[in-house]
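Undergrad: Okay, here's the structure, questions in a sec.
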Amino acid sequence: MGNLVAIVGRPNVGKSTLFNRLTKTRQAIVNEQAGTTRDRQYGKSEWVGHEFSVVDTGGWVVNSDDVFEEEIRKQVSLAIDEADVILFVVDVVNGVTDLDMAVASILRRTKKPVIMVANKTDNNELQYNAAEFYKLGLGDPYCISALSGSGTGELLDLVVGKFSKEGEELLDEDIPRFAVVGRPNAGKSSIINAFIGEDRNIVTEIAGTTRDSIYTRYEKFGFDFYLVDTAGIRKKNKVSEDLEYYSVIRSIRSIENSDVCILMLDATRGIEGQDLNIFSLIQRNQKGLVVVVNKWDLVENKNAKVMKTYEEAIRSRLAPFVDFPIIFASALTKQRIFKVLETAKEVYQARTTRIPTARLNEEMLPLIEAYPPPSNKGKYIKIKYCTQLPNTQVPSFVFFANLPQYVKEPYKRFLENKIREKWNLSGTPINIFIRQK
């Protein structure tokens, strides 16, 4: 189970700069293709063999310069709920403020590890100023400069040292892990209740290393599966989810710990920006996807044409990834609930598909010969062989070419589409690599 590090603090203390430093990104370099610019608030980091996720909880706040104490309190409460380690960023140039005091008063009550990061410490004189932050009662202020990177290596040593040393969950790897995700009021709780019904369907609860219950195993309708973080979805949330970044951050852990994500959409509202944010997280983590259009019972004049219009709109918004199942369901009336689980299991099986090398070459090489990669500066690109890589999270294929550097993304998409035409890989991402033969 991955660890989650949350960055909190009042506006303008350098949270975004620290986030960019830890995730080795710059805000100017953000992939806009996913249909959202909010990806920059969530990233992956790795330090001395430890992989973890980083969230800038303030990053989802619009006009963050105008954030008041109550908004900061919500962010910090969210971090306490969701994170394994909390980085509380303060500004040594401006010193202790009332908002810093307010944040510290909340953090002092948590049992989660809190590291106070004294940012903008660019010289020795400012290091002396950091002593002022002892009054916040959170231990030693850790001096860094997020802008120059000074002190961030030692900070990362401290962060990974705070991660739980307990063993990982003892999960049966052959049993699929499903996560139900979506924006507030899309019907997550309703569909989970429809899946599992009464508590007697619970087989085992496996305690997470840092959570009350991350995985719960169920046997229902002839299926054997884990639901990820259902306790978190079913409990009454301490933090209101009226603002979209709350539910997006809450989705991170569920997505990371799943094999297949069941993305709930509200049929009465269509696909919205928040749905795109969650879809982007699913894509970046390379998880299987089943889209469920819930509350289908509330749609009037339902027919095949209306259904087709919905499908086209969803695939258009989620492009370029369009090969995923869409199910029109009602958690309330239990319409097609069985179909949702059945499809999620099929997507899980697609993720583990193995295609024999001989068969792959037999199908793909004639296509490549008929439609070769475009030549580059008069040089012809030849692909002679392909194979599926072993032991990968999702189906991954390598094509060996004489000039791999000239094979561009559109041709990789062509290869992916042809593989999808030949084999049923609906719902699972696949990777295409071009290597020197």
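Each Cβ is built from the backbone N, Cα and C atoms, and glycine gets one as well.
Feature table excerpt (Swiss-Prot):
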- 9-16, 56-60, 119-122: GTP 1 binding site (BINDING)
- 182-189, 229-233, 294-297: GTP 2 binding site (BINDING)
- 3-167: domain 'EngA-type G 1' (DOMAIN)
- 176-352: domain 'EngA-type G 2' (DOMAIN)
- 353-437: domain 'KH-like' (DOMAIN)
Undergrad: Can you check what DSSP calls GLY182 (GTP 2 binding site), collapsed to helix, strand or coil?
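TA: Where GLY182 (GTP 2 binding site) sits, the three-state DSSP reduction gives strand.
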Undergrad: Using the alpha carbons only, what distance in Å do you get between LYS15 (GTP 1 binding site) and LYS188 (GTP 2 binding site) once rounded?
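TA: So the alpha carbons of LYS15 (GTP 1 binding site) and LYS188 (GTP 2 binding site) sit roughly 31 Å from each other.
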Undergrad: Given the binding-site residues GLY9, ASN12, THR57, THR121, which one's Cα is the least distant from that of GLY182 (GTP 2 binding site)?
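TA: It is THR57, whose Cα lies nearest.
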Undergrad: Including all protein chains shown, what's the count of other C-beta atoms within 10 A of the C-beta of ASN12 (GTP 1 binding site)?
TA: 12
Undergrad: If you measure TRP296 (GTP 2 binding site) to THR57 (GTP 1 binding site) at Cα, how many Å is it?
TA: 34
Undergrad: Give the distance between the Cα atoms of GLY9 (GTP 1 binding site) and LYS188 (GTP 2 binding site), rounded to the nearest whole Å.
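TA: About 31 Å separates the two Cα atoms.
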Undergrad: Going by DSSP, is TRP296 (GTP 2 binding site) part of a helix, a strand, or coil?
TA: helix
Undergrad: When a 10 Å sphere is centred on the Cβ of GLY9 (GTP 1 binding site), how many other Cβ atoms does it contain?
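TA: By my count, 27.
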Undergrad: Do me a favour and check the Cα-Cα span between THR121 (GTP 1 binding site) and ASN185 (GTP 2 binding site); whole Å is fine.
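TA: Just about 44 Å between their Cα atoms.
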Undergrad: When neighbour density is defined as the number of other C-beta atoms within 10 angstroms of a residue's C-beta, which of the binding-site residues THR57, THR121, ASN185 has the lowest density?
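TA: Output over binding-site residues THR57, THR121, ASN185: least Cβ neighbours within 10 Å is ASN185.
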